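Chemist: Here it is, the structure in full.
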Amino acid sequence: MNPVIKKFQFGQSTVTLETGRIARQASGAVLVTVDDDVSVLVTVVGAKQADAGKGFFPLSVHYQEKTYAAGKIPGGFFKREGRPSEKETLTSRLIDRPIRPLFPEGFMNEVQVVCTVVSTSKKIDPDIAAMIGTSAALAISGIPFDGPVGAARVAFHESTGYLLNPTYEQLQASSLDMVVAGTSEAVLMVESEAKELTEDQMLGAVLFAHDEFQVVINAIKELAAEAAKPTWDWQPKPEATALLGAIRAEFGDAISQAYTITVKADRYARLGELKDQVVAKLAVEDGSPSASEVKAAFGEIEYRTVRENIVNGKPRIDGRDTRTVRPLNIEVGVLPKTHGSALFTRGETQALVVATLGTARDAQLLDTLEGEKKDPFMLHYNFPPFSVGECGRMGGAGRREIGHGRLARRSVQAMLPGADVFPYTIRVVSEITESNGSSSMASVCGASLALMDAGVPMKAPVAGIAMGLVKEGEKFAILTDILGDEDHLGDMDFKVAGTSKGVTALQMDIKIKGITEEIMEIALGQALEARLNILGQMNQIIGQSRNELSANAPTMIAMKIDTDKIRDVIGKGGATIRAICEETKASIDIEDDGSIKIFGESKEAAEAARQRVLGITAEAEIGKIYIGKVERIVDFGAFVNILPGKDGLVHISMLSDARVEKVTDILKEGQEVEVLVLDVDNRGRIKLSIKDVAAAKASGV
């Protein structure tokens with residue numbers, strides 16, 4: 001056992017890469033340690049042979065957080081880790097995105113990456129360590145891979161500027177949380193959320209990260225120089241030049257003509273007909289070229305045709321130029337019984353978005369390595385197969401749906417009011433009912449509209465736009481509001497969301513090298529132009545949040561009581577508060593400082609609960625008249641209940657101006673009477689009078 005270890009300084013942290021001690025049977029294995037804060041074991045295994053007939057690259061990335069890493073035992077009956085959490089799924093996608101385009105075209109061997117968090121101090125997110133480890137493990141595995149890749153997280157403060165690899169605590173005070181990954185030459189992936197930063201500030205963060213993670217790339221190269229296995233002897237299949245030429249010669253014009261059909265379904269139908277004709281004419285049964293090879297060549301001609309048209313300035317697939325946003329149709333309040341709803345349609349992409357308000361108890365409970373916490377905002381994205389005119393699996397959310405939902409959430413989250421202003425739990429659901437590109441950005445627009453329709457006091461409306469890029473040699477074209485086909489055939493997917501003042505989310509995935517600062521700057525500027533256009537049209541429908549919540553939403557009443565009254569409201573074993581909730585159908589949340597939030601399905605229910613709480617916490621006021629109930633009669637007077645839990649004594653001498661021989665001559669138990677509070681002594685005992693009520697009323701009490 002001869003482990004190879006490389007250490008390097010990365011910002012304020014010391015990073016250690018170690019291989020050759022753990023998981024030695026994997027193709028590549030690296031243990032990444034950041035100071036004493038995080039340790040992640042990353043393994044890579046590649047299959048030596050590709051599965052026959054597989055038409056895609058079977059790369060899978062699994063990021064997993066073990067509870068023992070934080071000194072915890074899993075909850076639940078089985079006491080072991082179960083299905084991946086949303087955080088694990090999102091981090092798996094984060095690692096996958098920058099490495100996938102660096103495998104050679106045509107490489108179909110299965111590759112599996114497993115990142116296991118084995119130790120954490122809960123100060124920093126382990127995702128950057130996992131990304132560095134993945135790059136290092138691939139670099140030493142011998143698998144064909146055009147790396148290594150570096151990665152970094154960037155925060156931003158107006159006073160101090162950019163901060164490399166911040167802690168959780170530092171992120172709390174930051175206006176930016178951005179993860180950037182790339183090679184020594186180019187940026188490949190950006191994932192971020194921000195608080196209305198400018199386009200220049202966002203671009204500056206990307207370039208700052210790219211400069212800073214060069215030290216990571218150099219360290220991985222040094223590790224690979226000492227520990228890498230021999231590179232696989234893999235050669236791509238030679239390009240089917242003759243087959244491509246035959247298809248282009250006979251069907252090129254027809255394919256080009258098909259891409260002038262602006263309706264997606266009609267275009268797909270025509271391309272399907274052409275593909276069938278090409279296969280029937282050129283495919284050889286049990287020979288070469290096979291039907292699958294002909295179909296692949298047909299797809300390559302499609303790819304080249306669309307790209308050539310775009311970079312040569314011809315109209316796009318649906319007839320637009322490069323800067324035009326598809327026609328918008330915007331409606332709000334489309335579902336009568338929901339709390340807030342919007343139908344956002346952009347061309348052939350449509351999202352039905354619904355906002356629902358709940359109580360603090362409806363917040364999502366998250367059990368993370370950092371500990372349990374409650375999340376009062378949820379945004380869920382659903383992509384049913386009918387949205388693209390297909391039959392398909394229905395079930396739980398997949399990785400793509402979780403990722404798109406998180407992007408939409410990041411986009412609107414910064415514009416939500418704080419819990420001190422709006423203490424409701426918020427759930428937004430985006431149902432994609434039609435899709436032809438940029439459904440996640442349609443979800444952003446729809447979410448902003450639905451939240452304003454629900455009366456959530458948004459700081460500003462938010463819109464999102466997806467940009468694309470086609471680059472051939474020195475020629476390039478940046479596309480505003482890309483279609484699904486343009487996303488698939490293009491070189492970059494660049495999504496920007498924000499308000500009229502600045503960016504709230506930026507996501508970028510690049511499939512090629514050579515994306516320059518100039519191209520990113522132009523794309524951000526073009527995205528701003530489109531975003532302002534969309535916001536202008538949204539504001540014509542609903543420019544600000546409604547003044548009142550929907551009548552269907554729960555009513556919330558906030559109040560505060562003395563802390564020494566909390567136990568009175570709760571009661572022995574919670575009996576009092578439970579009785580109030582059951583009888584009024586409201587829910588009550590009490591904080592240690594005496595703050596109370598009452599949620600009711602109706603205003604009447606919430607008000608009834610408030611009155612009950614007031615009754616319990618109220619103090620008897622000297623000189624005030626109360627309607628009380630006789631609880632107990634004794635020889636010297638009667639005890640009358642005037643407030644919940646508060647009885648006072650009406651002495652026999654205070655019953656009437658006339659002489660009273662027996663209390664029962666005047667009162668009986670259960671009788672309601674008007675009483676005047678005469679005095680409250682220092683022990684809280686209340687002295688009442690019945691005979692002085694008339695005089696008190698006459699004097700205006």
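The backbone N, Cα and C atoms fix where each Cβ goes, and this holds for glycine too.
Got these off Swiss-Prot a minute ago, pasting:
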type: BINDING; residues: ASP487, ASP493; note: Mg(2+) binding site
type: DOMAIN; residues: 554-613; note: domain 'KH'
type: DOMAIN; residues: 623-691; note: domain 'S1 motif'
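Structural setting of the listed features?
Modeler: In the three-state DSSP scheme, ASP493 (Mg(2+) binding site) is classed as strand.
Regional average pLDDT for the domain 'KH' (554-613) in the model is 88.
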Chemist: Can you tell me whether DSSP puts ASP487 (Mg(2+) binding site) in helix, strand or coil?
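Modeler: It is helical.
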Chemist: In the structure shown, with every protein chain counted, which of the binding-site residues ASP487, ASP493 has the densest set of Cβ atoms within 10 angstroms of its Cβ?
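Modeler: When each Cβ's neighbours within 10 Å are tallied, ASP493 tops the list.
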Chemist: What is the three-state DSSP composition of the domain 'KH' (554-613), stated as helix, strand and coil residue counts?
Modeler: 32 helix, 17 strand, 11 coil
Chemist: Would you mind splitting the domain 'S1 motif' (623-691) into helix, strand and coil residue counts from DSSP?
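Modeler: Secondary-structure composition of the domain 'S1 motif' (623-691): 6 helix, 36 strand, 27 coil.
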